[in-house]
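J.: Okay, so Swiss-Prot annotates it like this:
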type	residues	note
DISULFID	Cys35-Cys71	disulfide bond
DISULFID	Cys39-Cys59	disulfide bond
DISULFID	Cys45-Cys69	disulfide bond
DISULFID	Cys49-Cys70	disulfide bond
SIGNAL	1-27	signal peptide
Amino acid sequence: MAITKMSSLIILSLMMLTFIYIPMISGQFRGIKQCEMKCYSTPECNATCLHEGYEEGKCLKSWDGGVECCCLGLLASSHQDSSPISSPHYIIFHGICILNI
């Protein structure tokens, strides 16, 4: 009985890791490249980010409860200057920008 519970836990863990790591390995996940400006409106944020060369801009909650304009871009392995491993980026968890890795 304990072996069955343990093996189902291992299978579930492996499935979750697969859903997390496969997009990271392939380099096809969207990351936040810049998240430092105060956000007044999403259309204004989007226009600013598009002007700076990012794909999109959104107002997101920051860890301290404020709202920041975050510029989103596609972190692709084809970009020579911004690989997912070497460039700093943020992780969004439930719409909150929480981690700079």
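Backbone N, Cα and C define each Cβ position, glycine as well.
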J.: Where among the disulfide-bonded residues Cys39, Cys45, Cys71 do you find the Cβ with the fewest other Cβ atoms within 10 Å?
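T.: If we count Cβ atoms within 10 Å for the disulfide-bonded residues Cys39, Cys45, Cys71, the smallest count is at Cys39.
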J.: Tell me which of the disulfide-bonded residues Cys49, Cys70 sits in the most Cβ-dense spot, judged by other Cβ atoms within 10 Å.
T.: Cys70
J.: Rounded to the nearest angstrom, how far is the Cα of Cys70 (disulfide bond) from the Cα of Cys35 (disulfide bond)?
T.: 4
J.: Within its own chain, what residues at least 6 apart in sequence put their Cβ under 8 Å from the Cβ of Cys59 (disulfide bond), listed in sequence order?
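T.: The list for Cys59 (disulfide bond) reads Cys39, Ser41, Thr42, Cys45, Val67, Glu68, Cys69, Cys70, given in order along the sequence.
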J.: Go through Cys35, Cys69, the listed disulfide-bonded residues, and name the one with the sparsest Cβ surroundings, counting other Cβ atoms within 10 Å.
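T.: Per-residue Cβ counts within 10 Å for the disulfide-bonded residues Cys35, Cys69 bottom out at Cys35.
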J.: Determine, from DSSP, whether Cys39 (disulfide bond) sits in helix, strand or coil.
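T.: Once the DSSP labels are grouped into three classes, Cys39 (disulfide bond) ends up as coil.
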